[in-house]
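> Sharing a structure here in structure tokens format.
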Amino acid sequence: MNFKILILFLFFIELSFCKKFPIVVNTWDFTNATIKAFEVLNQKGKTVIDAVVEGCTICEEQQCDGSVGFGGSPNEEGETTLDAMVMDGKTMKVGAVGGLRYIKDAIAVARHVFQYTKHTLLVGDQATEFAVKMGFEKQNLSMTNINEFMDDWKNKSCQPNYWMNVLDSEHKCGPYEKNENIAGNEIKVTLVDNRNHDTIGMIAIDEDGNIAVGTSTNGLTYKLPGRVGDTPIVGSGGYADNKVGGAAATGDGDVMMRFSASFLAVELMRNGKTPQEAADLVIARIAEYFPDSIAAIVVLDKDGNYGSACQIFESFPISIYNSELDKVKIEETKCRQINEQITTTTGAAFRIYKFPIVVSTWDFTNSTIKAFEVLNQKGKTAIDAVVEGCAICEEQCEGSVGWGGSPNEEGETTLDAMVMDGKTMKVGAVGGLRFIKEAIAVARHVFQYTKHTLLVGDQATEFAVKMGFEKQNISMTNINEYMDDWKNKSCQPNNWINVHPDPSKNCGPYTKNENIADNEVKVNLIDEKNHDTIGIIAIDEDGNIAVGTSTNGMTYKIPGRVGDSPIPGSGGYADNKVGGAAATGDGDVMMRFSASFLAVELMRNGKTPQEAAELVIARIGEFYPESSAAIVVLDKDGNYGFACQFFSYFSISIYHPELDKVKIEETKCRQIGDPITTTTSAAFRIHFNSIILFFYYIFIRNDIIKGKELLIIKIE
């Protein structure tokens with residue numbers, strides 16, 4: 001009998017957990033957004049995706065604090081642009097827009113990327129073109145008093161601004177000239193108004209335990225045109241996984257995205273940390289490198305427990321609404337301030353014995369050789385090595401890297417590239433770069449001459465021109481013939497879903513099919529060489545690690561699409577204290593798992609490079625077993641590992657002093673139908689409930705029926 005009482009006791013504990021659902025938690029005291037999302041969660045037929053989209057939409061319409069929606073945070077030319085993202089923790093599907101121009105409804109456009117394409121992120125003017133095709137109206141997003149606002153800034157000598165290592169940017173307005181006599185890795189943090197970085201980041205869980213995250217912002221005031229922050233970057237601005245929980249971040253997005261803050265929080269919970277512990281550890285990780293940068297995060301686990309942490313902001317309020325509350329609740333936490341103690345989260349680096357070393361994706365040996373040569377030149381750095389190595393591939397590697405390959409569905413080639421310094425954690429990247437051949441060099445200029453991390457689209461091109469790069473045609477020489485052949489095959493493959501006419505049989509233009517399941521995902525199984533990226537990891541004689549990536553992306557992509565290559569933590573990642581990683585494959589999928597960041601984090605927690613590589617591929621394979629994916633991982637001691645799926649094979653190129661020439665190693669990849677090692681546990685809340693119900697029916701219900709007693713248990 002005591003056993004039966006215990007079962008009933010545990011059952012009612014489970015009921016108390018259930019009462020927390022549905023739940024909405026979001027950044028800041030944006031309570032109208034919280035209330036709206038909670039209302040949507042309680043409407044029949046609505047989904048958790050609906051909740052975060054409609055909640056964030058309220059904030060866009062009400063221009064929360066001037067930091068969300070139209071009419072706020074102009075760039076240095078006076079224009080407001082928008083970033084937004086939505087992520088489904090059940091399917092891991094993501095839709096996002098970055099640097100969206102002339103469209104007010106950023107989170108709604110992100111929802112359309114989610115719902116009608118196979119992509120993850122569209123950027124810039126071409127994201128605007130996509131929105132117009134989907135029925136959104138172009139309009140002016142700027143402040144009503146924009147001229148007065150910008151005149152005031154110019155009267156203050158354009159302070160603050162986000163240029164660095166140019167002549168006299170701290171004392172006058174531009175245009176600026178490059179200062180060639182600088183240290184490439186110099187970083188100067190601009191401490192501006194606390195409210196200059198606000199983002200609505202919302203996590204919601206419905207009655208069935210499905211989790212979604214939505215984010216929206218107008219970004220950083222006085223940013224360079226084309227700048228995109230962490231908000232639309234999956235794993236940075238927000239992250240969700242039904243098996244673990246969700247997180248949403250706010251702060252200096254150029255810094256936050258270098259640490260995959262939201263992904264890290266969820267990963268910490270996956271490894272046993274509470275939401276509060278996870279939040280604290282994320283802020284501590286950022287503070288190790290950027291103690292003066294504003295940062296905040298809210299974390300929610302799958303059981304409805306939450307936590308938050310912050311630095312430099314005076315305080316960080318969050319808004320909560322769940323079934324236990326009769327109204328929305330605001331909780332506030334004080335933030336760590338400058339000079340306050342920082343908890344170290346990573347061990348110190350120690351000397352490597354295989355100095356210098358270069359490891360790169362694929363058999364792009366000329367790139368590997370070039371990078372190794374640069375590492376052995378006096379005065380050159382690991383950053384120089386990966387940039388010059390990738391530049392060789394942009395010039396030589398046929399098809400998948402550089403100009404003249406992988407046209408989008410309109411026949412245009414665009415480029416993505418990134419460089420990251422594992423000593424300072426600084427990153428420079430470009431996405432959807434148009435009409436400029438030298439993508440990795442432009443990324444280096446973002447790294448060296450701005451305080452930003454990522455510039456995108458036409459405005460990234462404008463930045464490149466200011467920096468002295470030449471605009472030119474970068475499409476295939478036989479592009480008309482190439483595109484005609486594709487159209488003769490009914491435009492197969494393409495990257496549209498849930499549209500009319502049937503995109504699996506017809507070319508566009510397409511119109512929305514409203515009668516679809518929100519989370520439907522169809523993966524294109526196309527040429528395995530359609531996703532090649534050059535990713536180089538280099539370690540110099542002093543143990544400094546750098547990563548460089550470059551690609552022309554996916555063939556037949558929707559214009560404006562950006563993949564994982566230019567996203568720190570996805571296409572590549574470096575940390576002197578741990579190691580580095582570079583990924584290649586279906587970028588729309590890879591970036592949903594912060595693949596390179598995850599590999600480095602696994603090594604931080606004791607895994608070997610080979611174990612880390614295999615676990616990353618296994619994580620991706622759990623959700624997308626038919627997606628091409630590969631990763632190479634290098635630890636700070638010069639040990640490496642690599643793994644892959646769907647490609648027939650994956651090769652890497654290695655060069656270090658113990659070798660007399662570049663070496664190629666190859667591995668076979670997991671194929672469709674091969675077993676997948678599970679890397680994440682199933683949702684405990686659901687299993688616990690099932691176990692209790694099982695024991696209830698076996699040990700208690702029968703006794704109650706036999707005794708002709710009646711027990712009614714209502715599950716909330």
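A Cβ is built for glycine as well, from the same backbone N, Cα and C atoms used for every other residue.
The signal peptide annotation in TrEMBL covers 1-18. Here TrEMBL flags Thr199 as active site, nucleophile. As annotated by TrEMBL, substrate binding site applies to Arg227, Val228, Gly229, Asp230, Thr250, Gly251, Asp252, Gly253.
How buried are these features, and what lies next to them?
A 10 Å cutoff on Cβ-Cβ distances gives Thr199 (active site, nucleophile) a total of 34 other Cβ atoms nearby, all chains included.
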> Rounded to a whole angstrom, what is the C-alpha distance between Gly251 (substrate binding site) and Thr199 (active site, nucleophile)?
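Distance between the two Cα atoms comes out at 8 Å.
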> Return only the integer: C-alpha distance in Å from Asp230 (substrate binding site) to Thr199 (active site, nucleophile).
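Here the two Cα atoms are 10 Å apart.
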> Can you tell me the three-state DSSP label for Gly253 (substrate binding site)?
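Helix, per DSSP.
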> With H, G and I counted as helix, E and B as strand and the rest as coil, say where DSSP puts Gly229 (substrate binding site).
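It is coil.
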> Rounded to an integer, what is the Cα-Cα distance in Å between Gly253 (substrate binding site) and Thr199 (active site, nucleophile)?
10
> As a test of the contact definition, list every same-chain residue at least 6 positions from Arg227 (substrate binding site) whose Cβ is closer than 8 Å to its Cβ.
Asn75, Gly99, Tyr162, Gly219, Leu220, Asp254, His452, Leu454, Leu455
